[in-house]
Amino acid sequence: MAHSTEHDLNCLTIAELEKIARDRMDKQTRDYYNEGADSGSTLAENQSAYNKYRIRPRVLRDVSRIDTSVPIFGQRNAIPMGVAPTAMQRLAHSEGEIATARACAKAGIVMGLSSFSTTTLEDVAEASGHNANVLQLYLFEEKQHSIELIERAKKAGYKAVLLTVDTPYLGRRNLEIRNQFKLPAHLKIANFAENPDDMEEIENESGDSQGSQQAKKIRRRRASSVGYQNGERRVAPTGPITFHSHAPNPLLSWEDSIPWLKEVAHPMEVWVKGIATGEDALLAIHHKVDGIVVSNHGGRQLNGALATLDALPEVVEAVNKRVPVHVDGGIRHGTDIFKALALGADFCWIGRPVLWGLAYKGEEGVALALRLLSDEFRLCMSLAGVTRVSDISKEYLVKMNRDGFVSKL
Ligand SMILES: Cc1cc2nc3c(=O)[nH]c(=O)nc-3n(C[C@H](O)[C@H](O)[C@H](O)COP(=O)(O)O)c2cc1C
Ligand SMILES: CC(C)CC(=O)C(=O)O
C-alpha cells in the first residue's frame, strides 16, 4: 500500500475522529460505544499505557522501501492490524457492518465480525469479496445455536472463530443501564431470527418441516427472556437471543469449550479472545488453540484489570512463540501498533476508532480511520529505521519510569 497523500482536513487524527463522531451519534449509541465498565479506569489505562513507552529510533538506514504487510489468515494483510469485532454497527450508520466490510476489503485488512451484528454473516462475507473475515463467537448455553452459526460461518468462507472468553457475565456499564439500552425497533440482531417477521421468512423461504421446526423452537424460546445480569445467575436463557441474555455464559470452562469448539469449527482456526495472564495463555496452548488475543474487551468487562499493553509481556513470555499473540485495546495511533509489536505482539486489533469512522461517514469514515492508522504506522517504521515488520523488536523501545528515567527492556 502506497503512502496516502489524501487528507481529510477536518480529521487528521483518530482523536479528531473521536470528537467529530461524538456529535454524530445519538446519546444511547455514543454511551454504549464509548463507555467502559464501572469507573472506566481500565478503559483509560488501555490508552495511557502506551505513553509509558518511548521509541528508540535508528537513523541513516535506507528506508526508501517499507513493507508494512504481514501474512495472516491466508492473506497478505496491509498492516499488522485488523478490525476488532464490535456489536451492532448499524447503530452508527445505516450501512453498518457492510460499510466496514467494504472498507476493510479495499484496504486489505481483516475484519472481525461480532456474532451480535446487525447484518448477517453471509451478507458481510459477500460484501468482503475475497478479503479474510473472522467470526467472533459467544458460546451459548444452548449449543445448537452455536453449531448452526459455526456451520454458516464455514460455508460463508470465514477463516477463523475468535471465542470471546472474558464474558461469563457482562461487565457493569452504568450508562447502558441508566439509558436502558435497547436496540431500536428497525434494527435486529441479524444472525439470529428473533422476531415474528423472521419466523415467517423462515417458514416461507424453506417451505419445509425444518423451517417450521426452527420457527417453533424460536417461539418456544420466546416464552422467557431472562438471562444473566450483574454477575448473578438468573434463569437459563430460553427467550429470544439478545445480547443481554445470551452473550454471557457463566458455565463455560476450558475443558468443555475448546476441544468441542475445535471439532465443530474445523477447518476454521480457533482463537481465544480475552486472555490477560500468562497462566491462561499456557492453558490456551495446552488446549491447542491456534492463537491468542490479549484483550480486556476494551475496558468493558472487569474494571481494575491490567491495561492490555501491561498484560502483553507476560503472555508473550509464557507463549514463547508457540502460537501467535495478538492484542487489542486503546490503540489510537500508528505508533501504538509499533510499540505493541516491539513488546512482542504479532498483530493488533482496533475497536472504537472504526465505530467512530462509521458514525462520521460510513464506509468512507472507516476507510479514513484505517488510512490514518496505516499511514502513521508506515511513517513510524520509516522514522524508526525499520523496513520490515518482522524486524520490529524490543531494541526499539524503552520504558519510562515514574521519575522520568528510561529503562531498556
Ligand atoms: C461497542 C462495542 C461493542 C463490542 N462488541 C463486542 C462483541 O460483540 N464481541 C467481542 O468479543 N468484543 C466486543 N467488543 C470488544 C472489541 O472486540 C475489542 O476488544 C475492543 O473494542 C478493543 O478496544 P478499543 O475499542 O479500545 O480498540 C466491543 C467493543 C465495543 C466498544
Ligand atoms: C455483549 C455483546 C453483544 C456486545 C459486547 O461485547 C459489548 O458491548 O462489549
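Each Cβ is built from the backbone N, Cα and C atoms, and glycine gets one as well.
Remember, TrEMBL labels are computer predictions, not curated facts.
These come from TrEMBL:
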type: ACT_SITE; residues: H297; note: active site, proton acceptor
type: BINDING; residues: Y32, Y138, R173, H297, R300; note: glyoxylate binding site
type: BINDING; residues: 85-87, S114, Q136, T164, K273, S295, 328-332, 351-352; note: FMN binding site
type: DOMAIN; residues: 6-402; note: domain 'FMN hydroxy acid dehydrogenase'
type: REGION; residues: 200-242; note: region 'Disordered'
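Shown on the structure are the features that TrEMBL records.
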residue : record                       : DSSP (3 states)
Y32     : glyoxylate binding site      : helix
P85     : FMN binding site             : coil
Y138    : glyoxylate binding site      : coil
R173    : glyoxylate binding site      : coil
K273    : FMN binding site             : strand
H297    : active site, proton acceptor : helix
G330    : FMN binding site             : coil
R352    : FMN binding site             : helix
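Here the binding residues for glyoxylate are Y32, Y138, R173, H297, R300. Their largest Cα to Cα distance works out to 19 Å. Proximity of the binding-site residues A87, Y138, R173, R332 to ligand 1, judged by a Cβ distance under 6 angstroms to any of its atoms, singles out A87 in sequence order.
You'll find the Cα of A87 (FMN binding site) roughly 12 Å from the Cα of Y138 (glyoxylate binding site).
Least crowded of the recorded positions (H297, R300, D328, R332), judged by neighbouring Cβ atoms within 10 Å of its own Cβ: R332. Note: the CA-CA distance between K273 (FMN binding site) and R300 (glyoxylate binding site) rounds to 14 Å. If you take the CA of D328 (FMN binding site) and look 10 A around it, the recorded positions you hit from Y32, H297, R300 are H297. For R173 (glyoxylate binding site), the nearest neighbour among the listed recorded positions (Q136, H297, G330, R332, R352), judged by C-alpha distance, is H297. When pLDDT is averaged over the domain 'FMN hydroxy acid dehydrogenase' (6-402), the result is 91. Here the Cα atom of R332 (FMN binding site) is found 15 Å from that of H297 (active site, proton acceptor). Cβ neighbour count for Q136 (FMN binding site) (all protein chains, 10 Å cutoff from its Cβ): 22.
Checking each of the binding-site residues (Y32, Q136, Y138, R352) against H297 (active site, proton acceptor), the C-alpha distance stays within 10 Å for none of them.
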